[in-house]
Amino acid sequence: MISSVCVSSYRGRKSGNKPPSKTCLKEEMAKGEASEKIIINVGGTRHETYRSTLRTLPGTRLAWLADPDGGGRPESDGGGAGSSGSSGGGGGCEFFFDRHPGVFAYVLNYYRTGKLHCPADVCGPLFEEELTFWGIDETDVEPCCWMTYRQHRDAEEALDIFESPDGGGGGAGPGDEAGDDERELALQRLGPHEGGSGPGAGSGGCRGWQPRMWALFEDPYSSRAARVVAFASLFFILVSITTFCLETHEAFNIDRNVTEIHRVGNITSVRFRREVETEPILTYIEGVCVMWFTLEFLVRIVCCPDTLDFVKNLLNIIDFVAILPFYLEVGLSGLSSKAARDVLGFLRVVRFVRILRIFKLTRHFVGLRVLGHTLRASTNEFLLLIIFLALGVLIFATMIYYAERIGARPSDPRGNDHTDFKNIPIGFWWAVVTMTTLGYGDMYPKTWSGMLVGALCALAGVLTIAMPVPVIVNNFGMYYSLAMAKQKLPKKRKKHVPRPPQLESPIYCKSEETSPRDSTYSDTSPPAREEGMVERKRADSKQNGDANAVLSDEEGAGLTQPLASAPTPEERRALRRSGTRDRNKKAAACFLLSAGDYACADGSVQKEGSVEPKACVPVSHTCAL
């Protein structure tokens, strides 16, 4: 209502007896600005802005705060308030949110400027959760901050590679939570535990040893016995590789003359053949190593949680291929037929497969696993490097062929008698050696034009190789740092789950997304949510005129049910990899209820005095779910 001072000023201005009053205009504008202002207290930090600023992004949590009539607010699934009112004490209302105050400054600045930037001092998952709570899509992040925002996703994907059983290539490190997850999965797949009850209790005693044997040969950090087995396996691997190398040395080879007598009818023919045999001691050592590898392979394939995954693993295929030739050679050594000798000759050639056992060291050394992950992650860079080299080889091989023909003598019709570059395919070898800066010296240009092409080829090779290499080095550094951090991470058996908020406790409502989904729930942990989430009524006539804010989630009806069993490691990794849009497609609603509101049985909210107190319940500690 316009004050009396303003009315008299307006009449005086109309009659011409009194000039217009600027004080009146300033006073009315100040009153309008005061009613338009809103105060948002986030984690103890007060932010002041206009309601019109919050309305710039409709459908978000702050936009619902700025709408006192509830026109743009969706109704709650749980029968919550359909309309609301905000109490005013002559000034702007203040609403409290127990969220991160630093991130909210960037969120509020997004409402003001329309540009969402990512803070550099906040972890990526925390910023993602805050965006989910305030109802802002992650795709609104500015391009300049998108790489910073995506860094935590890349780190989580790299950690998932180390946690996966087939991607890690071996057991988990000390203090590694992924090892506990894998052992838990193994127990679930292999059947009941020993001493279990129920129909499967009889088979549980038989199969209870399988998880222990699997951990004994697969996870070197599961027990002291597993470490002994790991050292024994490492010892036999090194001995087998050493034996393989010594077999090719002349000092361990024995020449033997073999006499063969062939009789065809009445004709007898004698043939002398020379054979080279390996020192028997090396054969015995190799036999002992193969017996250990056979025992290890059989135990692992019998006790593995998933036989199909075991068969598809590359390291297990290498184990089988390296063991098989030894037994075939022993079985065919007593035969003297020509076919048997041919097979033995082939098996001796196939002995080089034993050198592939060196890859089994990846189960015991983190650096080798990191190298394997780096090679797989840098596939695009390697492909780009090959394409660059192929283009350079084709171009410079053609150029060197024609450049060398410039110095040909007139008596040379082909023009290639004075040079080694007889054709373009020969120039491919020279171009590869030159671009990789090896320079064997077997082929080199002899004319001034060929030398110029050779110099250009060497410079192009240096620049071509230097471009993709830093990306590969960065990938290795990222994987190695993550692996080292994962090993130094303290062991976490069970994560702490806080008690659920009680109806009369001063705990504020939170969205479903802030619940510890990734926690490992113990059997004694209480349900995460037994009743609706409650926000305490904030009554402060000096600050906000007795304003009350009650947070509600549109999907709160489903949250009133007790939580199910603890999520599996695969589910936790899937939740970690999911984005903001997948985690929460509908942002939680925030309804404003004044102290005089009554929640009725039909779901409506009516003012004090308009309904009978018996028909409705006062809204003081009620969450609109």
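Here the Cβ of each residue, glycine as well, is placed from N, Cα and C on the backbone.
Of the listed segments 1-24, 169-192, Swiss-Prot assigns region 'Disordered' to 1-24. Closest by Cα distance to Asn257 (N-linked glycosylation site), from the recorded positions Cys123, Cys145, Asn266, Leu438, Tyr440, is Asn266.
Taking the Cβ of Asn266 (N-linked glycosylation site) as centre and 10 Å as the limit, one finds 5 other Cβ atoms among all the protein chains shown.
Across the structure, Gly439 (K(+) binding site) and His117 (Zn(2+) binding site) place their CA atoms 51 angstrom apart. Counting residues per DSSP class in helix, strand and coil order gives 0 helix, 0 strand, 6 coil for the motif 'Selectivity filter' (437-442). The local packing around Asn257 (N-linked glycosylation site), expressed as other Cβ atoms within 10 Å of its Cβ over all shown chains, amounts to 8.
All chains included, 10 other C-beta atoms sit within 10 angstroms of the C-beta of Cys144 (Zn(2+) binding site). Ranked by CA distance from Cys123 (Zn(2+) binding site), the recorded positions Asn266, Thr437, Leu438, Tyr440 have Thr437 at the top as the closest. Residues of the same chain lying 6 or more positions beyond the ends of the transmembrane segment (346-365) and with a Cβ under 8 Å from any Cβ of it are 169-171, 220, 230, 233-234, 237, 240-241, 244, 247, 293, 314-315, 318-319, 321-322, 325, 328-329, 332, 372.
DSSP assigns Cys145 (Zn(2+) binding site) to a helical segment in the three-state reduction.
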